[in-house]
């Protein structure tokens, strides 16, 4: 290992000693600040200055102080965040003993110990763990947004070290690995130990940002630390963000500089002419200044004198006023009660005060999925069993009842039930209690056909560790309805069925992958029956059903269409009773296929398909990936504002598409939803060129001609319209090719013609690259919103970054410009605060430039009547005084009067001067006072309103004419609500894709099994017992 960085991270920009010089250096890079510094230097030269130096110093210091304080507060918060992370404790192996050490002191080569639910300190090589065969379960939500468990396993040679501190201290291996990089799914290295070399890959690595789950302890060797870790390599750089108003102001300031120079040049030439023609003859009582010996020299000095006098045309107070207005707009966001989330006491927060007006100009939104659009909570919502649908509740007349009007099912009879589980259809519980055979078989399948790992540290307190949140939801549903999965070994599965403990022999797990789209288990019941249970995608399982299931298949399909139309994630379940003789023959051939040296995967696939035939259909399940409240409505409203939404997620393609349909990003009325999944550059290019407007990529296309004529520098692409409404879905592998130089233009053209773009399986760096691509080729303001550390790079890259304070930590919030607790608040942030901030700023700038030009041109015109002598026409000293008096004085007087009139405390201080306590309150309680106020306001306002009404009626502007025509038109009927998807097979069975490959082989090998739980063989309840017989549901 070559790099020897400490593990500390730094996101701050300054320290105590560098703040002043660095901050001043940054501030004087602004044209206006540098200009006023130059002006101050001119005012120190007595020959050309006619104004005191403090007239420039005071406002300049005020501007620098306001900006400096704001930058200091922002950087102080970054220091606090860095210190919090760097000072986290971790146990380090030092001289044969475990000692507590801070994260920032960890170095490459240290051996550290992590425990359950700990964050991984640095990028580690896993050495050993508490689990069998040194397995470690981790959650990678901070890296890729996924909360399902992943498994890592140590090398056998290091697993032998266990938790023996002496052996770990004596560990003397040499690791050679690749240089630090940002590839989360790839690692290459070797371990040299005792003269042998062992290959290292990503399956042996624990990356910083992961969380240890379901593992008591593990030891790891630090490979990458601090800025070299893959998480930090993906974080991206903090960029200085400017608004379009800032850029416009810079252009205006440059134009005003040119105008100022022109005015000064005209006045200087006039002075030279006047002094040579007139002034030379009047030096007796209008003498030239010292050291002025000629008219040209006088003209040169007068040029700089007028630069000082006419400096108000470039007012430094402009920047002070703009910063104050922005600060006020930020307070409006902070104080907005409609953006306050009471459940976790989280208000909206404007973390920067310089981007408020840019919120009203957003055209592209780049959003994370997990935790941003969704709550990442899977709930068993509905099901179909033997042709009957469960989940909806109906009244006596057959009308559907809203769930919030119905009491939840009472599962108190089941002592092993999960108290958090909620279900509202009481008829399903009745079917279970009546021992309905299909219903029992349905829940028995859910309790057996999975790869979930149970944990029961206290009797009856079951915790399921699922590879996928979908599986956890299905097993939890079976648990509550009386089929409790309680324990497993490599050979058995223990289930408590309706209070009776049964142990099933697990004979085979037919694991699923993205090709099979299903999984099966073969078990032997305590009665000796052989059964295959299968669940998977409906499109796949329907082809494997027995011909006798046709009528049931049609009924189940109708229910599937209803479930999918509501955005639920569905899958079909089926079973098959096996013949003993056939199974014995099959299991032998299965063993031969599983041990084949060549073509093992193909042979296993053939064996699986052979036995998964003539299945008997049981029904279907529907799981809800809960969206955050108001997400569909928010997306629909933003779409009406012509804002395009791109979803960038690390999840699987089908999972992301299911959420796309659930939240109205994708819908039935779209002309098509294209999927880009090419595995080579050529495939990706061909897929991009076939989408929507194939003619747009011909050489005769106007935009192509424009691109060919342009130089190598990137040019902004005009907006193109497709011949319909389309959606685009692209996976991370194809996106890597599409982001290459020769394809990025075609990607951005195709994607920007789509109404919705979903990028799946993308890394944090790819998220930032997609945002950068749109910024590069489109003249549009972008916004990125996310809630995890994997979104930080994207948030930093976009023009505006929004962080959601969710379940994945505060990294996104700390890197953001604005933060709040729910996605739905984005609508108010953009369409209310953004628009109002932009309107306020534009009105202010119009007035401000008008005021300053009016004041400055008076001095310019006065120069023609004062011999171009740089005399002041209006005393500028009063200018500042009047401004300050009317701004601060009026506010102070108002608050002073209000305080005096309303304060009871003032009476206690000066009872002789304020004998009437609460006079104002008493006065305002009388109706005649309010009538007088109303009449006064009406008399003042009516003339103005009447004038504007008559002006709009008699001399209407273009806007008035358009508004009048719009009102004259008949209002169109409201659009009919969008129909939900009725039958789209790719929408369903999102479960089958929620993880790439199952834990089947791992479970059957027994490598991940702990000793059997002492509670796993005892039954504790029976719903049919006398105790619960008469208990209501």
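Just so it is clear, glycine is given a Cβ too, placed from its N, Cα and C backbone atoms.
TrEMBL does not curate its annotations; it predicts them automatically.
Of the listed segments 790-808, 809-827, 828-846, 847-865, TrEMBL assigns transmembrane segment to 847-865. Looking at 28-45, 82-99, the stretch flagged in TrEMBL as transmembrane segment turns out to be 28-45.
Among 28-45, 251-274, 847-865, 930-954, 251-274 has the largest number of CB pairs under 8 A with the transmembrane segment (294-320). Looking only at the domain 'P-type ATPase N-terminal' (7-57), the predicted model's pLDDT averages out at 77. Its Cβ taken as reference, residue 761 (ATP binding site) is surrounded by 20 other Cβ atoms within 10 Å in the chains shown. Stretch with the most C-beta contacts under 8 angstroms to the transmembrane segment (28-45), considering only 251-274, 847-865, 930-954: 251-274. When the binding-site residues 370, 790 are compared by the number of other CB atoms within 10 angstroms of each CB, 370 has the fewest.
Within the chain, the transmembrane segment (251-274) has long-range Cβ neighbours (under 8 A, six or more residues past its boundaries) at 31-32, 35, 295-296, 298-300, 302-304, 306-307, 310-311, 313-314, 849, 860, 863-864, 867-870. For the ATP site listed in the record, the two most distant Cα atoms among 368, 369, 370, 471, 512, 535, 569, 649, 650, 651, 761, 767, 790, 791 lie 34 Å apart.
Of all Cβ atoms in the shown protein chains, 27 besides its own fall within 10 Å of the Cβ of residue 650 (ATP binding site).
Counted within 10 Å of its Cβ, the other Cβ atoms near residue 569 (ATP binding site) come to 28, all protein chains included.
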